[in-house]
Amino acid sequence: MQKEEDVCPEAGYCLGTALSSWGLHFMEEHSQSTMLMGIGIGVLLTLAFVGLAAFFVYRKVSRFRRAEPIPQYRFRKRDKVMFYGRKIMRKVTTLPHTLVGNTAAPRQRVRKRTKVLSLAKRILRFKKEYPTLQPKEPPPSLLEADLTEFDVKNSHLPSEVLYMLKNVRVLGHFEKPLFLELCKHMVFVQLQEGEHVFQPGEPDISIYVVQDGRLEVCIQDADGTEVVVKEVLPGDSVHSLLSILDVITGHTAPYKTVSARAAVASTVLWLPAAAFQGVFEKYPETLVRVVQIIMVRLQRVTFLALHNYLGLTTELFNPESQAIPLLSVASVAGRAKRQMSYGPEEQLERSPRLSEFNSSDQRSVAVSGPLLKRSCSVPLPPIHGEIDELRQAQGSGSNTSAFQESQEGATSDLGMAYNRARILPHSEEQLGSSLASKSKKSVVAETSAVFHYSEKPRDEPGPSGRTDAIFRAATKDLLTLMKLDDPSLLDGRVAFLHVPAGTIVSKQGDQDVNILFVVSGMLHVYQQKIDSLEDTCLFLTHPGEMVGQLAVLTGEPLMFTIRANRDCSFLSISKAHFYEIMRKRPDVVLGVAHTVVRRMSSFVRQIDFALDWMEVEAGRAIYRQGDKSDCTYIVLSGRLRSVIRKDDGKKRLAGEYGRGDLVGVVEMLTHQARATTVHAVRDSELAKLPAGALTSIKRRYPQVVTRLIHLLGEKILGSLQQGSGTGHQLGFNTASSKWDLGNPPGNLSTVAAMPVSEDVPLTAFALELQHALSAIGPVLLLTSDNIKQRLGSAALDSIHEYRLSSWLGQQEDIHRIVLYQADSTLTPWTQRCIRQADCILIVGLGDQEPALGELEQMLESTAVRAQKQLILLHKEEGPAPSRTVEWLNMRSWCSGHLHLCCPRRVFSKRSLPKLVEMYTRIFQRPPDRHSDFSRLARILTGNAIALVLGGGGARGCAQVGILRALAECGIPVDIIGGTSIGAFMGALFAEERSYSQIRIRAKQWAEDMTSMVKTILDLTYPITSMFSGTGFNSSISNIFKDRQIEDLWLPYFAITTDITASAMRVHTDGALWRYVRASMSLSGYMPPLCDPKDGHLLMDGGYINNLPADVARSMGAKVVIAIDVGSRDETDLTNYGDALSGWWLLWKRWNPLATKVKVLNMAEIQTRLAYVCCVRQLEMVKNSDYCEYLRPPIDSYRTLDFGKFDEICEVGYQHGPAGFDIWVRSGVLEKMLQDQQGTSKRMDCGVFTCPNSSFTDLAEIVSRIEPAKVAAVDDESDYQTEYEEELPAIPKETYADFQSTGIELDSDSECEPSMSQGPHSLTSPKQSQDSFPWLPNQDDQGPRLYRPS
């Protein structure tokens, strides 16, 4: 029995095992049939359930149909009105209780209702529709050039007249009758292929314009080979303005090395230069204007191209002496020698020195020498006396009578010459009265060792008499050089100066220049090298030669420095006095201009045939994509836009070019077809350098090749540093990339402001902006009233259009930026403002409805190519900006916008005189660099300062402290952006205007992040991420509410990683909280955010660019301050060989006696892989020259240490001042606040012909070309060597400013000479009087002695 009991369990176990194995086997064999059976059962159950549901629904519907119909009652109208009336009254009665809160019941009811609504929203998942910026294509006028070229057929003038007018730049300055008088002399010439137009040896007396066919201009080298420097196509011309000047001055010369021949059968228009002489005989004043234009062309076109861009200096000037024999001085000197032999008591050892004058406190000083037995009392003049009188006679910006007196002259040729030279013509009586009181004194000594003499001769013996005789003799020789036969023209207008060795007579860049005529000694002319601070000697001015006449004729700044390396005496004629002489005798310019031409080298004469000076109308294409690259262009004035056409036919803005930029140089040097189409944004003036001329220059001066290589390399490097790879370059201040705009406008010359409506305080806005711009450089504000005061009431008439354009171009030359204030209606002045503007500011009031104004509708209907920016003004105490999207959506022509918080005075209702009086006081104070107007000024001039905040979790709390330190250090922020936590902190900074509010809101969010309850409630099943993101979304949306990025005070951007397109995204529009949340979406913790625009998935921007300084740079920032708070990876890892065992790692980790190893786990490896691109980008940013990198010591804090907010914030605040102090000591802060254009148009300092572009400046630093040695230096080496040995003991850098010594100073004034009166810093920008025409004249500046440190 026991045995059976033992067997049964075993049998049962065996049976169970067999059944289970059989079941498994059956399931394996019939798995497919089992699945089909299950599906069938499920379908049957579903059909049964649907049938039952249909049955019950049918029963209910049938019962409803069988029920009796209920009668429908109709409300009477009176009952309906009473019903709704009672309902409204019930609402009204409960409203006061809700507002005042007399009882707790209404409040409790409101709270309950709010909770129910929020619960319903969560359950039903209602999504709020945020306003979005509508993507629009740019207007055709922005990216497309006019298809119509120079139209000859539709013009009422003959084609030959149009061709001549279009090509010969000087002819455009003639009035219509004068031009038609010249056209009478034109002759048609038919040429066969190979036939020469002119050859070497023939007289150079003609202007040729090709009507059809093609000419070749050749230059013969020293070895006899001919080089084609220019191909002349129909409509182009062959002429040299220097040759025209030779004909006018009566010094005709033959062609020496230049020839022209017909490449194909051609028809040429021939105009003899002698035709100009007949016109000048009838209209003498026109002579002055034409000579001035030729001189301007020489300085602005020829010297700009050859010196600034090709690095040539001594090669441009003729070192040989051009002096005339000083016969009169020699005869006087001979008599003086005979008189000196009579006795030593009549000898004067040297002229009075500055120390002798400084040692006296009286109005007279005894001038004595060791050999002088008798002393004479010499009255000292006031330093500022007569220069004040001269400036008062010339008129200031506020002198209306001076404007009225000069209205008639301002529109004449002589008046235009005065305007270019920045001299207001005054009447003969004014000049005579100002000089009448000066004729009584004999010898006047000034602190700069300058002697002035009266017209009446002195007969008394002694040193004064002999010096007076030398002065009169030198004046006679000067009359001979200037070809004047009336000595009275120089009476009271010439000063005789003696300067000691080492004196700098005039500095490079001086505006007020004198004509100097050397009598004894020698003046050395130096020019600063473009790649260093060293000077190179251009030529020597010997006795009998002039210097400084080119700057006087053109009104441009002086191109070189004039220095006396040994004692020197010379005559000086101020610019104002020379123009007075010229007003009486216009032909005086011929002799003076001829001295300039003689100083030019033969090389300049050759290149003058190849260089073209052209004017392009707005909308005209300079060249088109795919054209042959046969020349390069230099922008003299105006603005050009480069557009590239993609393969799909779409056009993209590649860049813009302003004054001084090189255009098309890359394609020309690489011999490639044009890569883009370039057209004129507004009427522009260009210099054209043909490729053949460049080839000839390279053969003659090989060092130019090195410079061209650097130009090409720096151009490519500059485009890379602009961040072209980001794909989000912008045009103004926002990376919305609505039109994918190109280079930011750091080189704007003109800005126009126009109102949306008449309610806009445009005058106050313009004055505020002018005040802010004055901190950057000289600025000029022009209004219609201002123009009528300056140029006369008829200045805006069409007949004076060219003269007005010329005058406005001169203002661009001498000012950093010109601000045009348009009228509120479409007047001729408003049209002129739009036509002249590089950028148009459309000014509106932020609290008004975003309706279109009258002027805006006109902008939309006309093809205005200048970029338009929307400026919204807000009151200080008013609400924050809102509804910006509506403003932008209604204005498709706006490429950007800015919000300005204006002081109360902007909106004050004051009359114009009171407004001017108020701003007169305001202009006495420096502008606030933290104001919104200063921010606008920096953005317009390309000096914006950007702040970029990196990602790093809780370590980003240190950025709050750094923001406080920035404000205390006085560093303004114009653009802000960031990644991850940096995007959050940057958004707070862009929205709030006070640090305390930023800290409060940031701390509130940090406390939410430390809430454990909210974190647990946000957990979800980790398929995509550990958290659902609901709680995180609510924490961010509670901070920013419904704020849009467009409504922020500062231009702002956030960086995200688009994992759909595998690219970086830059967000500058849309819901603020949404893109801040997207930028903080860490992989694995938060799900990607779906972009409502295109549905792309957005993740944390730190994976691709954790410190986006390059993006801020592409938005137009000059300097980027980058705050890095990212974690630093461990780099000291264990080298474990070729294989790694996880068991070995486990043993090392658990064994307390084993040596610890540093090996990454899988999560760390994945994290480092994700941040590989970010680390590379960070290294590029840290090594860039535009970025100032700052990293606080926050490595000890972890990513989620939000509970230590105060501690981390304090670390940032303590570290900020330490870093900023280093910036102050090293000069970084000063450089940060300076204008980016080093050669800006300063009235007091610095050279300005045309400022170079940024890449050219870099090339000038890199390229060091050894100058070719010239004969002038070799000739002087015999005596210069021993003289240079004595120079250290001499104040070599003494700079005597003689710019206003051409007028005798009144000896009766009681002002005493004082060193404190004289010096004015040459490096500090001075507010130009023209920049604020209504202010009183404060430009009082007399003779001074300048000693640089």
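Backbone N, Cα and C define each Cβ position, glycine as well.
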Motif 'GXGXXG' range according to Swiss-Prot, out of 393-398, 951-956, 1233-1238: 951-956
Position flagged as phosphothreonine [Swiss-Prot], chosen from Thr132, Thr1131, Thr1281: Thr1281
Annotated phosphoserine residue, as Swiss-Prot has it, among Ser433, Ser1196, Ser1277, Ser1331: Ser1277
For Asp1100 (active site, proton acceptor): DSSP state (helix, strand, coil): strand
Surrounding CB atoms that lie within 10 Å of the CB of Asp1100 (active site, proton acceptor), all protein chains: 26
DSSP helix/strand/coil residue counts for the motif 'GXGXXG' (951-956): 4 helix, 0 strand, 2 coil
Taken over the motif 'GXGXXG' (951-956), the model's mean pLDDT: 91
